[in-house]
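Chemist: If you look up TrEMBL, you'll see 43-100 marked as domain 'Glutaredoxin'. What TrEMBL records for 1-22 is signal peptide.
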Amino acid sequence: MSYLATFLVALFLALPVAPALADQLPQSPLNAAPEAAIVYPKITLFSTSWCPHCKHAKEYFTKKNIPFINRDVEVDTEAMQLLTGKYQSQAVPVIVIGDDEVILRGFNEKKFEDALDKVKKK
């Protein structure tokens, strides 16, 4: 029992010293700059709800935190008109990247990343 009492007294006496020692330890600065956010060009995905390639594209964009606008051509008549008129396509997915409108038909991760890099470099 005396060992326990001695230990508790020693612990009690050491407590006021511990906060003083903590002040002497090196600290990381609190005002460290956050990492720069990645800036993406405007990305529009023309899709349907049942298309497996469209689903893959949506999942990929979401997983990579790539912002995109989804235009479901089955419920959005304006999107269908753009798809068939301006972009001359009867199939989905069609992905339009950036102001220069780089157009990808279908979805392939590598081709998308290559096109995205090309648009970002402009």
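Cβ coordinates are placed from backbone N, Cα and C, and glycine is handled just like the others.
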Chemist: Note the mean pLDDT of the domain 'Glutaredoxin' (43-100), expressed as a whole number.
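Modeler: Mean pLDDT across the domain 'Glutaredoxin' (43-100) comes out at 97.
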Chemist: Using DSSP, tally how many residues of the domain 'Glutaredoxin' (43-100) sit in helix, strand and coil.
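Modeler: Computed counts for the domain 'Glutaredoxin' (43-100) are 20 helix, 13 strand, 25 coil.
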